[in-house]
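Asker: Checked Swiss-Prot, it gives:
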- GLU220: active site, proton acceptor (ACT_SITE)
- HIS174, ASP186, GLU246: Zn(2+) 1 binding site (BINDING)
- 591-603: compositional bias 'Acidic residues' (COMPBIAS)
- ASN53: N-linked glycosylation site (CARBOHYD)
- ASN119: N-linked glycosylation site (CARBOHYD)
- 577-611: region 'Disordered' (REGION)
- TYR318: site 'Transition state stabilizer' (SITE)
- 1-16: topological domain 'Cytoplasmic' (TOPO_DOM)
- 38-390: topological domain 'Vacuolar' (TOPO_DOM)
- 412-442: topological domain 'Cytoplasmic' (TOPO_DOM)
- 464-473: topological domain 'Vacuolar' (TOPO_DOM)
- 495-508: topological domain 'Cytoplasmic' (TOPO_DOM)
- 530-533: topological domain 'Vacuolar' (TOPO_DOM)
- 555-659: topological domain 'Cytoplasmic' (TOPO_DOM)
- 681-693: topological domain 'Vacuolar' (TOPO_DOM)
- 715-721: topological domain 'Cytoplasmic' (TOPO_DOM)
- 743-878: topological domain 'Vacuolar' (TOPO_DOM)
- 17-37: transmembrane segment (TRANSMEM)
- 391-411: transmembrane segment (TRANSMEM)
- 443-463: transmembrane segment (TRANSMEM)
- 474-494: transmembrane segment (TRANSMEM)
- 509-529: transmembrane segment (TRANSMEM)
- 534-554: transmembrane segment (TRANSMEM)
- 660-680: transmembrane segment (TRANSMEM)
- 694-714: transmembrane segment (TRANSMEM)
- 722-742: transmembrane segment (TRANSMEM)
Amino acid sequence: MASLRLPRANPLAFTRWPVTVITAIVYLALLIPLLVVHHVVPSAPSSPPSGLNISEAWADLQVLTNGFHPYNSRRNDVIHSWLLRRINEILDSTPLEQEYRALDEEKPDVFVFDDVYSNLTTYGGTLKDADLGVYFEGTNVIVYIRGWEDDTEHWWEAPNGVPTSRGGVLVNSHYDSVSTGFGATDDGVGVVTCLQLVKYFTTPGHAPRRGLVVLFNNGEEDFLNGARVYSQHPISKLPHTFLNLEGAGAGGRATLFRSSDFEVTGPYMRSPHPFGSVLSANGFDTGLIASQTDYVIFQGNMGLRGLDVAFMEPRARYHTNQDDTRHTSKDSVWHMLSAAVATTEGLVSDSTDRFDGAPNTDGGVPSGSGSQAVWFDLFGSTFVLFQLHTLFALLVTLLIVGPLTLLFTSIALTKADKMYLFRSSAKSEDRLDVVPLQGLRGFFRFPFLFGIPTVVTVGLAYLVTKVNPYIIHSSAYAVWSMMVAAWVFLAWFVSRVADFARPSAFHRIYTLTWMYVLSWVSAVIATVYANQRGLAGGYFIFFFHAGIFLATWISYLELFALPSKTEYANQLRSVSGRASGHGSRRGTTSGEDDGEEAEEEPTESTSLLGSGQRTTFANYVRVGGDNHAVAEEEVIDPNVYGREQAWSYALPKWTWGLQLLLTAPITLIMVGPLALLTISAISQTGQDGGHPLFAYVAIAIFTTIMLTPLLPFIHRYTYHVPLFLLAVFLGTLIYNLVAFPFSDSNRLKLYYVQEVDLDTGVNSATFAGLSPFVKDVSQELPSAAGQTVSCEWHTKRRNLLSCSWEGIAPQPVEGDHPMKDWGALKGNVVCLWSDHNQPGVLPALDEAIQFLPVWAAVTKGSDGLVEGRRAFEIGNDD
């Protein structure tokens, strides 16, 4: 058997080793930085800007988090007093007036409001429970730094007073924690950031143009009460824009969760390390993210325009005792602080009227309205921001221009007689000879090439969900590795089988054409959602579609390098004539399509010119003579790869690299961060009752999108990488099916509450969590020994099992028996206890924390850790 030896001088040729090495380098060169950006927080500077002190902020965070401080606790009152003292210390340390005047500015007036008077009653539709009503008395701390364009009067002291200056800026954080968490990230970092903002904007050189209101609200963890009651304070009429600082994880980077519009998002571009995507905002808009922050009060109820910046992972530490300073860092503090300073400085220095206008909610502030925005970061260092209607215009343009460009190119190819696509044969100039082109070969590969790996990865999602549904909680990258390895190996295997059975030089162009059609349909869907529902999360589809269009167009332009079909037919007839030696025509064939239809099984001597001539593996042309006399002439062209069509010698050998660079990098850069952000956000939501299948299917979808750019080139891969990935797949599959899903660094949260019926004396401690783990943990507690642990499905937390046993009686406090006369009334009085700072007060909870396995954590299951309940009935006085 003769072997084909292609020239090795060109390291960019479309051959196996260049394709394997270059594609691997491109993917690794992008995936590694994306992973680093996602997991590594930029270092805090050794010398921060004037007016900021990171060491001071870290010391404040340590004080703030040295105990649980929910709204309903003594520790919360201690933090309230400490905040007032720290604010006064910062203000007392400001320099004299002369230092401000040296910088051509006035020292700003600062007003501190210890708001223990505002109160609010909310009920019905404003809360999650339509049957619930809440009366709340606030203990917010408000700092107002007067802008040098603000009114100089104390307008807030006048009855119904309103500011006459342009709207100010609100920066919000909450200083209460949950009863089971120290609140370092939720929301201690936000609180110390606000303290540093007070310091920064009272430092010479940073006096604000617009008034700045810094709010330390108390009561966010219970119905967002702190933000609600802030709306009752007169100073709430001043701000038109806001920045909300929040935490839903422990450490890491602070991401831009959402923003109200294009104009208010602009100042965030000043952040030295921007991070986030508008896709997360769409998650809130569509209801996929059910939890809320104070953002919804400021933007939805009060009509302000602003941004929501928050920490978002890992969720396993959220609202637990691992939300402490040990599990965050100064770098995380700096990441939020630097973003807050940049954004706030941009908002308070704005000199336009774009944040003033008609209220956009009933009774809201006159903040006007803005344009819908598209925004995302690039490698955590650059922030891209443009308006949604710009995305719509770009999508519509590309949807029209792309098909027309390919159509006109196809027409030009047809006129030049170089349209080999979909052509099974060609005729010579005298139209007497018909030679096969095999131009349809490879067209029907893509549905199998794309479909089989995708279906298998989705099937793996269902398999893991069935066998070990929560392994993603602690081993998300094992799931990623399994999906990626399976997808690449199957795509390579299918492509190699197809290439062996039907070798085709058109594999690349047909695959890109199919990809273009799919991306075009996706772009249509993204356009419809952007126009009708204002959802901008499909922005990545535009870039994905644009790259595929250009790569596809390049493949069509490559066809101009081919000889015309007539010229090619003449060349083959000339070769056939010389080989026969007697001028007879050889190898004439019908014009029937031989692309994907049944034909002679290809072997080393499969016919090149149909039934008359045969070619060896090395592209020999063998011409048979009459009466078994054989005359043979060898025609070898090293520019033809393998057993592909002979006319492919003229195709460029380097353009594949350009096509790879147009498809793979842009896909990874656009989709990679979304994949990491999305899976980080949802991989641990199963413990909250979310269905785990969603996370696995999401990984399968992201895997398919990010690896699809490999399909036009994967048939050129050597076997080394796919076989290695096959081994990775088998190993990770076994691990994902049998490994225990939780660990001490990725614990399972169990929701705890203790209920005491003061009439009957029934004392019930309850854990709610995933089955069967919650039952196993409950039965192992000493107080549950010898008892029958009662388990039933939770009525409010879907997919969670609630297990109860007779707990150790709480010893919160001794009290008296106040009496009051009412009219006819009956119901239940419920008292809550949330303070768990003193051992022995809640012995059942102390026991649970002490004896829980290392892979489980306690979090609050209700507003109180203990709920004391007593029925009452008061008759009529008469």
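Cβ coordinates come from backbone N, Cα and C, glycine included.
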Asker: Which of the three DSSP states, helix, strand or coil, fits HIS174 (Zn(2+) 1 binding site)?
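Answerer: For HIS174 (Zn(2+) 1 binding site) - judged by DSSP and reduced to three states - the answer is strand.
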Asker: Any chance the transmembrane segment (443-463) and the transmembrane segment (694-714) are in contact, meaning at least three CB pairs closer than 8 A with a sequence separation of 6+?
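Answerer: They are in contact.
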Asker: Same-chain Cβ contacts of the topological domain 'Vacuolar' (530-533) under 8 Å, 6 or more residues past its ends?
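Answerer: Here the qualifying positions are 388, 391-392, 395.
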Asker: In the topological domain 'Vacuolar' (743-878), how many residues does DSSP put in helix, strand and coil?
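Answerer: Final tally across the stretch: 19 helix, 50 strand, 67 coil.
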Asker: In whole Å, how far does the CA atom of HIS174 (Zn(2+) 1 binding site) lie from that of GLU220 (active site, proton acceptor)?
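Answerer: Answer for this pair: 6 Å between alpha carbons.
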Asker: Spell out yes or no: are there three or more C-beta pairs under 8 angstroms between the transmembrane segment (391-411) and the transmembrane segment (534-554), with each pair 6 or more apart in sequence?
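Answerer: Since 3 or more Cβ pairs under 8 Å link them, the transmembrane segment (391-411) and the transmembrane segment (534-554) do come into contact.
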Asker: State the Cα to Cα distance, in Å, between GLU246 (Zn(2+) 1 binding site) and GLU220 (active site, proton acceptor), rounded to an integer.
Answerer: 10
Asker: Tell me which of the recorded positions ASN53, ASP186, GLU220, TYR318 ends up closest to ASN119 (N-linked glycosylation site) in space, Cα to Cα.
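Answerer: Closest by Cα distance to ASN119 (N-linked glycosylation site) among the recorded positions ASN53, ASP186, GLU220, TYR318: GLU220.
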Asker: Compare the Cα of ASN53 (N-linked glycosylation site) against each of the recorded positions ASP186, GLU220, TYR318 and report the nearest.
Answerer: ASP186
Asker: Looking only at the topological domain 'Vacuolar' (530-533), what are its DSSP counts of helix, strand and coil residues?
Answerer: 3 helix, 0 strand, 1 coil
